[in-house]
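**Student:** Sequence annotations record features per position, and here TrEMBL assigns signal peptide to 1-25. The domain 'Ig-like' feature in TrEMBL is assigned to 39-136, 141-227, 230-324, 329-414. Per TrEMBL, domain 'Fibronectin type-III' is recorded for 434-527, 533-623, 628-722, 729-823, 847-943, 948-1045. Look at TrEMBL and you will find 1044-1077, 1113-1293, 1308-1327 tagged as region 'Disordered'. If you look up TrEMBL, you'll see 1061-1073 marked as compositional bias 'Pro residues'. Taken from TrEMBL, the feature transmembrane segment covers 1085-1110. Feature annotation from TrEMBL assigns compositional bias 'Basic residues' to 1113-1123. If you look up TrEMBL, you'll see 1136-1161 marked as compositional bias 'Basic and acidic residues'. Under the heading compositional bias 'Polar residues', TrEMBL lists 1229-1240, 1267-1282.
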């Protein structure tokens, strides 16, 4: 056990050492153990100090460092190092503190006041700087106010003033009767130095003065007598003696908010913070001195608005002050010590908090870091150092400062040599050679993408790479490392536009960095952009019809500004207009008065229109009205007064805010006028003091601050002869008469008999069975009214009441029934003379007027209108409502939308940007509705495009493989005029947007060329549209791959248009930009080898099979065939694909189907119009060689016509189909049909052996199409050419039996057919004459020499299996002797003669 324990302990020690070595090696990768970080920091830093003139002063400072290298302390004053060698008054103590033996300070000489900072330095290592400290010198005491004699009531409060220099308040105290006054809860000294005495007593009387001590000779203020008097009980006004003032304090300090009040009854004081009552807390928040608020140990949450509330039983007084709490800076994250190699980029992080927000600056070895191309401040406070060099070593400090204080933190940077650290591989350990073929595959304005190839001698597998780069001519070099081992591309970002850079690549293996590649010089592209927005756009209205505008030049002009376009919009109309401006100021004239306009400016340079400014809204100045008030009406009230009512002038004629109206009136035709001005904007006025029975004329004009507008026309009214009574309701009308018609009732009446009571009008109620269903009010002068839209043959009850301002009088009732529908609807009353008041016409309600559409935003328009059927104040008191309808003016979009509202305006939302809309309004009240009003138009504002450009395509340019053409269409939702497009392209689809190359295009272009692309590279393209409001979304990325090499015209055309043939199996398609036949050459060679091998093997198998089939025969087979000849039944073919035969053909003349066909102009017509589908029982698939050859597959499919593959996919469901084929017959139309008969019907013995024996008898025509076998899921193809030669003898070279299922080209004028091939392995396609020695000759149907029109012959599928005949054919072989085949052919010819006799019979 002991040995085992020792062994375990030894293993643990080894692991510990190994782990330590690994950690050290890993650390050395970043840093070197030979250069550890130095312990160097401040233990004591100077603090703000108030010194007294003539007295000594001390600023403390001490630094900790390694004992072997002590730090040397120096001091800075106001940023400059102090020279203290010969200074007798100031010296540095051994610990580093700065000591002043005595402070010198005078009015014109203040050598010691200032900002001090100590700097600690270690030679050959660096320096660090402390926080700064302010040394202030107290001045001579000066009293700005002194105490004065005062009187205080017993129990009340009093304040004695004493204000000295703010820096001397801490040296001030109070004396009473020349004795120091001890502070207490009743007596407190305010921050200003004043003394507050609360709850005074008789003992508080005496002589008071304030004294300043400890800053030189003591200085006292004047003495003031304080007298106390007893309280008399008389009421005294509540008032503040001292009020709180806003103050700013540092967190952790103490604040005193003074508040003291006097009065009788003695006031009570309490405090509120915000709107909540402030509660005192133990020790930290309390009220002292009778009302002042003291808060100790301030925290940030104490900030806010404080209110001092003084109240007694008579009154309350309040006073507010704001407390601001400042928080000194505090480090959230400090910079860390860092190891780095030369050319690397590093970042020192520094995160601070505080209130107000601290400002951060960086210091290196005591000197301020000035931001440059290589020293940058990023993410607000972090310091980035780019392209490190050896001189960058040292101490870097983050200094944060705000009004509450300042802090500092330091970090050390050590630059390692490339050879230091790492794994020691010995001097002989090989490193990689230089990377090869370094090229810039993508160059933009601010980034470059580099690619390269592996070194010729990598000496390792997992190589990493470093890319060093610098501006051409600069000594400082930067480095970027690849992200993963093996990566051979990197993107260098944050480059300067139009600048030449130097790049080189170094490979690393486990032994270290290798050789550097040759330097590659690449210039970045020039910045090509449109201008930014013009800043400081201002608009001022000079006159009622003009506005002066000015703006500054865009901060990002990106070239010379050629012109500006000023857009302006009348916000009451919404249509935007523009004007071109050359300078940076313009005066827009011809505007409407007192109208809101919006203005924006777009700068233009040679690249196009820039970014628009934000809209600036300004209203033109007002003017006197240009239109009179509307709808002036007069209402006689009595014998001495007339009420006038009117509507304001139209908005376009008001020209400003109407402040009042002027009414002019005159008596009769006199010329002298009287004038009355309304109070405010009232739309009515009662003119009193008129003469009874006198005619008066009135007119009204509107008034703005600019003057009086035009008057209305004179309107006349006559006062009553005598005053009528309106203290009670009118009497009952004296009579009521009704005359019913079919759909209406005419009501007539006479006024009440008592004419001394005012009647304002009449109220008519009616309804079926009840008079309260509908109510109509008419004028007091009216005597007749026609109630319309009634039901025929219905009993109506009608009531009539007179009314005035007091109410409605007693009603009178009538009942009547409307006439039947068949009765003539004639109003007999029309035959009588009309009285003095005619029956009013029942016209539709008046539609709303003054419809206006005010554009608010890009999708919102406000529609307003006026209703002349309302009272003059335009207040809606009944149940009427309005219907607003709107539509666009786009002819293709006639959809109308509507909305109901009960107010005189409606805000329509959800509209499309930059679209013209038409609005109209209709009034509905009960069953009555008006017609649609006049339309108003408004065009919504523009908005950024909400959809990307569409139909983006990328094609190659002919003869220029490095140039592509991008085409697109404008966005579907442009939301304004497209001012430009931006094309983004990159080789990495997942790259950040700012890493894509940008190509701007003007807005009227829909195509663009991009040149000098890298060959054999996949690019991705996106397009973004821009209008005056901004950028829209990007389109989806479109992929394109450039060719591998400079290609010919044909290759470019193939790339752009031709698609490669579909290869068997699931082979991926070639790259979109790769020309056909180029690329993946090894795969193509492999496919060709396989095809040739399979073809050769197939030919051998077919030849051997054909030879064996022609030699094989047995006596048993002869007997079987003889038996089959004598059989009356049909045969069912059974077995595998080798044994399968086509079904026998039996033509039933009684079912022969004939269709006349047009004669083909070709004497040898090719009839491939109707393919014949086969089921799985017809033919068994055996053409595997065809499937393996794409060219044969393509050619075979080319003869299938318009049938789709899917149409033949389900074979089992097609057993009941009767596909038709074209058969040429004699021209004489046959009267009977011929049809293949299922094999269960009787079959003549002559055709019993009409079978094809050997599957090898299948020929390919010269074009490669097959007359025979096809797979079961496709239709058989047809021959398109004649065989090269035919024998005159029908049996000379032909197989003795072929099926009639597939038509072929006839010989001469005789139509003939070739048999479909039986299931077999087909021969390869032949490009020359067929090599088979026999040419298939098909049997001719018909013996006449003339050509007949083709006819449709229905060929059924193979019938179901027949048990009786299946057994007979089990042993039938598929081969025949030549003499037997000749005999079989003779039987077939007999069948053909019978068929011909049937078809030619009359």
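The backbone N, Cα and C atoms fix where each Cβ goes, and this holds for glycine too.
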**Student:** Might you confirm whether the domain 'Fibronectin type-III' (948-1045) is in contact with the domain 'Fibronectin type-III' (434-527), defined here as three or more C-beta pairs under 8 A between residues 6 or more apart in sequence?
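**Tutor:** The answer is yes, given that the two segments have at least 3 Cβ pairs within the 8 Å cut-off.
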**Student:** Most CB pairs under 8 Å with the domain 'Fibronectin type-III' (847-943): which of 230-324, 628-722, 729-823?
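**Tutor:** Per the Cβ count, the answer is 628-722.
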**Student:** With helix taken as DSSP H, G or I, strand as E or B and everything else coil, how many residues of the domain 'Ig-like' (230-324) land in each class?
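**Tutor:** Tallying H, G and I as helix, E and B as strand, the rest coil: 3 helix, 53 strand, 39 coil.
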**Student:** Tell me, what is the mean pLDDT of the domain 'Fibronectin type-III' (948-1045)?
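**Tutor:** Reported value for the domain 'Fibronectin type-III' (948-1045) is a mean pLDDT of 90.
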**Student:** Mark yes when the domain 'Fibronectin type-III' (533-623) and the domain 'Fibronectin type-III' (948-1045) have three or more Cβ pairs under 8 Å (sequence separation 6 or more) and no when they do not.
**Tutor:** yes
**Student:** Looking only at the domain 'Ig-like' (329-414), what are its DSSP counts of helix, strand and coil residues?
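**Tutor:** Counting residues by DSSP class gives 3 helix, 52 strand, 31 coil.
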**Student:** Per DSSP, what is the residue tally for the domain 'Ig-like' (141-227) in helix, strand and coil?
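**Tutor:** Summed by class, the stretch gives 9 helix, 35 strand, 43 coil.
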